[in-house]
Amino acid sequence: MDPKPLLQFLVLMSMAGATHSSSLSKGRYMASVFSDLTPEEMTSVRNFLMDQEQLRLVPIRSHFGKNSLFMMELNLPKKRHVLNFLDNLGPKPLREAKVVIFFGDQAQPNITEYIVGPLPHPYYYKPVTSKSNKPIRYESRPMTFLEYERIYRRLLELTQDFNHILLETSGFSFYNCSSRCLTFTDIAPRGLKSGERRSWLVLQKYLDGFFLHPIGMEILLNHRSVNPSEWSIDKIWYNGQYFDGVKELVQKYEKNQLTRLRLSDDTNDPYSTFEPRGEFKTKTDIPGPKLCAPQGKRYRVLGNYVEYAGWSFAYRVRPSAGLQIFDIRYNSERIAYEVSIQEAIAFYSGVSPAGMQTKYIDSGWGMGTVHYELAKGIDCPEVTTYQDLYNYYDTDKPVRYKNALCIFEQPTGLPLRRHFDSTYDGGYKFYAGVENQVLVVRTTSTVYNYDYIWDFIFYQNGVIEVKVSATGYIHATFFTPDGLHTGSRVHSNVLGNLHTHLVNYKVDLDIA
């Protein structure tokens, strides 16, 4: 056998591999201008700011109402500077961080954003000012782990005077509750005018899927003060009736001047769990179809840079908003500079305060930080590339979420293009069809009860699709007969409130 053809083939394959490797490495370098902060960069920024004595920063997980670093993310460079780097071989823009600091321990508490840089060894920080130059009120801050912990602790104190009502109504309580404890879901906005910080809390049995276990009581907690001992219950909604605080509720309950409520014990009813129940007409206890890649993956991922068919792009996951795609090119031509999630909003209706007042703006709940690990074979196919994500949000050190982003190729089940060229006499001149596989970049956001699944889908004909799928649990309130005007009864004491979702994307096209 003549070895020359084989040697020539191996040399060509080696050259092709080197070309691909060089292209991938260059792509990664260019895409790094969009890459999220690394754990090392986050730690460097935190240490630098903690050393600034004039800021008087303390750890956010151990001090409430003080000056604390709440969040940090990449400060995305200006587009013109990035394009000069990508297209004109200009200098690479400096890496900077944008941080959010809660200033609670000063004469005029506020929230301030700063730009910190350059990374990885910062030596300056400068405030970000709005066009109105007005400070952001301290009362407008997002909730933190420590504030939730303080709310629960305060509820132990505030509910003791009507603990007997909670027990008689539901069999559950906050105080000395052991395995039959109450929990709550808080809703937003936290007030109806600037400067307020009052949250309606839906009281629920702390069972699996507690979102579907409201007990018929909602309380309005005033938690504006930085001193939790001053927090108070301003109003109570109980079984369709309003009361101006704990005292009025207890008095009318004792005098039997209200419509009392006594719930049945449903602790052994698995209706709110993921436990399978019932039977289907066909077998479901055997494995279903699975995705496979017989000859390996047909895409490449290096860092935050991805190549697939004619596509190349960079990605990041912004803490507030989530998945964002940059420098999207098809056959080396830029199609879009940015296609990114910006916001998800949900407006609710209802007859209880938690139904009628709920207006969730999910970026304010850290929509881009609640992704968690993806389950193989469920959240993403088995044949998938997983990437870890790192956050600095309501924490004192970088937090790693293993396998929180996945990239995979899948068939759509429809041809990308096909034609049956009929002769109209039972025959045909030709048939042509093109298989349709797509590349999917996916993350999830579990914003309390809702689980959003975010997909960016790349077709081989130059089409980009953005898709969001909503799952998880509904935001439910307690069922009263008048609730049927604003929702549907989904269980004995559960009302599924009518609501609408609005999802906003930024699309910055750079075609031709």
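Glycine too: its Cβ is placed from the backbone N, Cα and C atoms.
Automatic prediction, not curation, is the source of TrEMBL annotations.
Annotation source TrEMBL lists signal peptide at 1-21.
Annotation source TrEMBL lists domain 'Copper amine oxidase N2-terminal' at 40-124.
Sequence annotations record features per position, and here TrEMBL assigns domain 'Copper amine oxidase N3-terminal' to 141-240. For the domain 'Copper amine oxidase N3-terminal' (141-240), the number of residues in each DSSP class (helix H, G, I; strand E, B; coil) is 31 helix, 31 strand, 38 coil.
Sequence annotations record features per position, and here TrEMBL assigns domain 'Copper amine oxidase catalytic' to 290-511.
Annotation source TrEMBL lists 2',4',5'-topaquinone at TYR450. When Cβ atoms from all protein chains are considered, those within 10 Å of TYR450 (2',4',5'-topaquinone) total 20, not counting its own.
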Tally the residues of the domain 'Copper amine oxidase N2-terminal' (40-124) by DSSP class, grouping H, G and I as helix, E and B as strand, and everything else as coil.
24 helix, 24 strand, 37 coil
